[in-house]
Every structure is written in C-alpha cells, then in structure tokens.
Amino acid sequence: MFVIKPKEEVGIVVLLRLRLEAQPGFPDLDWHCHDVQVRRSSEDPEVEVFPCHKWIRTADGYIELRNEKACLKKKETLDILINHRERDLQHKQQFMRWGTFVEGGPHCVDMTSVTALGPNMSYIRQRPVNNVHYIKSLIERRTSWSSLQELETFFLFNGRENTIAKYVQAHWQEDAFFGYQCLNGCNPLCIRQIHNLPPNLSVTSEMVRPFLPEDSSLGQEMERGHVYLLDYEVLDQLPANTVNDKQTYLAAPLCLLHYSRQGELKPIAIQLQQAPGPQNPVFLPSDAAPDWLLAKMWVRNSDFQVHQLLTHFLRTHLLGEVCCTATLRQLPEIHPLHQLLMPHIRSTLQINIQARVTLLATKGVFDKSIACGLEAIPLLLARGTRRLRYSSMCVPDDVRVRGLDALPICYYAQDALRVWDALHRFVAGWIRLYYCNDEDVQHDCELQNWIGEIFTEGFLGLSHIGSRRELLQMLFLCIRVNHMTNIFLDYNIWIPNSPAAMSRPPSQTKGSVSEEDVFSFLPEVNFSCHVLSVLSLLSQPAIDFVPLCHYNEWYFSSGAIVKLVEEVRRELKMLAKDIADRNSQLELPYPYLSPDCIENSVTI
C-alpha cells in the first residue's frame, strides 16, 4: 500500500498516473502495486482507493488508475474517464493482436512465447511431483507390447493406487462399461439419441433383434428414445500419423447403442468406416469375441482423438482463448463483465501458447505418439469449428437435444445441469446489478464490440446481443465447467481402454483376428508411455488449486457482489455434498463435476 498525503488540499481525484523509474544504485526490478490511497488533505479522514493489483515495469511508461467502482461506459459522467476507457482499450488492442493457429479454426492471440504476455498475464503453478519413473524408463523402447501380461505389469506399477483406473482395467471389455463411458467417461459430448438410422449405417432390424427386448423391434426402440449413436464422421479420410517410422491408422466409426430395461447402455452394432460396403462389415456382440472387442477398441481410439483435439482443445482451450482475447481487447478493466470473466479465463492465454509450442509442435506428443498428428490436426480443427453450434455450448440445451437429461445413469448430465443452474443464478444476479433492462444491453457499445469480435474471430454465429437473457447465455460460453482434466489418467492409464493410436488397419472382414492378434493393434511401448507421461501431468491439480467461484480479486470482497458470491458458494457446497453422498453408494463414483473438483480457470 502506498499512501499519498498532499501538502495542499486537492479537488476531486478521478485518475492517478504512476510510473516506475530506474534509479542509479538500485536494481531495475518490477514493482507490484496493490493500490494507491489518497486523502484530499491531511485533516481529511476519508481515504479514496485507486486499485492497481498489478506489476509495473520501467518499460511500461505511465499507467493510469481510477477508483474502484465498476461501471458501464454510458454511466460515465466525465470526458476524462471516457477517454481513459478508450486509451485502455487502444493499448490492449496494440498489445493483444489476433493470429492464426490453423486455417479455418478459431483465431488465437498472436504470440509465440509466454514471455510476451508480461508479468500480469502469466503465472507459475506448482503441482505435486508424480512418480513417473517407471513410465519414463520405457519411453525409448520402440517395440510392441509383448503380451497382455506385460500390459498388466505396467498397469500394476502405475495404476495400483487409483481405484477408478483399477475398475476400468477390470471391466474394460464389458459392453455395459463401454456404454457407461460414453455417458460418463472422458468424452460424454459425442453420444446422442436417434429416432432414425443414418443412411450410411448398414444395420437392419433383423441384425440387432437378438440384443433388443423380445417384444420390441429396432424401430419401436428408437420411437421410445432407447437408441443412441456415436458417429465419428469428423475423422473420415484424415491422414494418419507416422510414428517410429511406422504407419498408424484411423477409423471413422458409427456405433449404435441400446438403453435396456435393466438400465444399461450397451453397444449393439459397430461399423468402422463411414462408407458402407462389403469391406466395411457391421460388427455385432454375437460375433467372435476378438472381432467384437477390437471393434470397440477402434471406437475408443476414435473417441480419444475427438476428445483430445475437439472436446478438450477446441471447445475449451481455443474458444476460451477467443473469449479471453476479446475481453482484453474490447472490455476495459473497469467494465463489470471484464471483472466477472477474467478470473475464469485469465490463465487461458499462457496455457494455450505453451501447448502450441510444445504438445502441438514438431516433436511434441501429437507429432511423436498420437494417430492424429501434425498433418491431421489442422484439418480436424477446421472440421470441428465448422460443426460448432451455439446450442451445443449450453448444457441444458445440449443434454436435452442429445437425450441425456432423463437417463438415470448419466451422472455427467445430472451434475453438469446442477452446476449450470447454480452459475446461472450467480451470473444473472451479476447482470442485474449493472443492466436494468434489455435496452442497457443493446446500448452498451463495448459489450457489442466484444460480441462482434468473438463472432468474427471464433466463428460462433452470433454478432449481436439484444437482451439480458442472450447476454447470460453468452457469458456461460466463457465460464465453462466441463474442463475435466482430472479424469484423463483414470480412464487412459489402462492402455487398451483408450489407445492413442492403432498400429494395424481396421479389419475388413470378420474372423480375421485371434485373441492374441488384438493386442498387436495397440500403439508401441514408447509412444504409449509418452502419452501417459503427458496425461499424468495434465491430471494433477495444482497445489494452489482455486475451486469454482472462489475469488482472490479485490472487487469480489465488497458491496452487493459479496452476497452473490456467498450464495453461489453455499449452493455449490451443498451440491458437492450431494454428489459425495451419491458417490458413496456407487461402485464406480463420478466425482469429476463436483464443484470442489472444478478449477475456477483453465490452467492446464
């Protein structure tokens, strides 16, 4: 804290200028300023606070501070404050420029180094040290896994203390667990209810009759809403990676699933490629066990690609970066929505820059170990961007359209809806503090510029917001709650359950593989270990983990906002208890969307 005591009485102070100057004999270090407090005269007991809460560098020149009250531009009464808002944005727009990561994908910040972000937009996270020595001891071994027993030994050294991973390893071949993962695994965003079969899926009612109730047909089960589909058409014809100088392979499967009267979701037909034909058979649960198991492994391999690059990287990281960059460029720091959003998205820029120069770069994990390598990634991200729909970002709309909202075994939908509802009330309350009606939203030029930039740079199909309801929906796009990195290792450490690559092409006939052959399709040892070492890092919560709706920012600690924060924390705490009570009754718990497991911002 730095207190200014003027020698003479001063008038109303609306702006303060600070500058850090290097002095001879003193080290040229950055200075972190908490705030500046001003008394108009030495006798005046009132102190006016000008928050700063940032690092100041000699290279920054002057920085300007204003009082602590957030407001909209139309509420400003002084030209000097309006000019200050505009200067703030002009500076940010010069500093934060848009760039392109892949053609046809969302744009990103035009920076190739975290250093360019400066001290106020970068951070250091401390994470527990994982014991990955056994994984790393095999990372140079460029051979296939010798047997199932070797895989089990590898798992014993790495997953024996993980109860969920042990369940996965014990049940991964079961059809009911395959269906469970479609609803509650790493990627619950692909499965959808269908009422008609896709024209390119060569399934007839007679084919699947043995797997349906005796008194019902496939058509009747679809009418009742009991039939679901996984369709990985987005992977069709993508070039597969070459790893260890060997070709890997991709499929683009369609998988039909049935929700039974016993409350289980099971696969009943799998077609490995999109185009039907004699060399693209439909695999069934009644086929030879190796054929059926291998078909399910191909689906899990496809799901791994889509989850990592579309569900995780595109929908969470890249769209989060669009929201963060647009917020910095179009909403001044004094804008109430800037203050609401930044705690949830501030760290996105750093983690995305790091990902682009490491994981997604030459010699990164995708280049060296995953079937979707550097040639396929731009094509897949562009396809995924074209398929983005605003409604799919809104949890209530999404789970309803996909028929998940009424499934009692879909814990993802149940928990996501309750977290969404709690955040909905919190954000709605925040909006009401600053926007009295829809006209206030329409006339907020900074807000409309923010929306326009998200549309232009993120391809989200929305260029104008005209009501508080639409604004509420848009803010939820930025405050996302399905960034579940804590699930990665649980479902991936048993390698056959989620292979990152396949070493042999998809089967074109039935009966062509034996039980021993199945495991020869798995990725070789070194790139299996490379993937797991990265997932191990991504799955670890930080030591300084900040749970959802816990805020350290100064503006969350005063006024009406305090009540909003207290209410949402109370509601989220009750939800966390309900989820813990439910999980205590489950053989396989689902903790991933418990509010105490959700971090307030994307940090990895």
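From the backbone N, Cα and C atoms, a Cβ is placed for every residue, glycine too.
These come from TrEMBL:
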{"type": "BINDING", "residues": "ASP30", "note": "Ca(2+) binding site"}
{"type": "BINDING", "residues": "HIS312, HIS317, HIS483, ILE604", "note": "Fe cation binding site"}
{"type": "DOMAIN", "residues": "1-70", "note": "domain 'PLAT'"}
{"type": "SITE", "residues": "TRP55", "note": "site 'Essential for stabilizing binding to COTL1'"}
Query raised in the report: Any idea what the model's mean pLDDT is for the domain 'PLAT' (1-70)?
Result: 81
Query raised in the report: When the domain 'PLAT' (1-70) is classified with DSSP, how many of its residues are helical, how many are strand and how many are coil?
Result: 3 helix, 28 strand, 39 coil
Query raised in the report: If you count the other Cβ atoms within 10 Å of each Cβ, which of the recorded positions TRP55, HIS312 comes out on top?
Result: HIS312
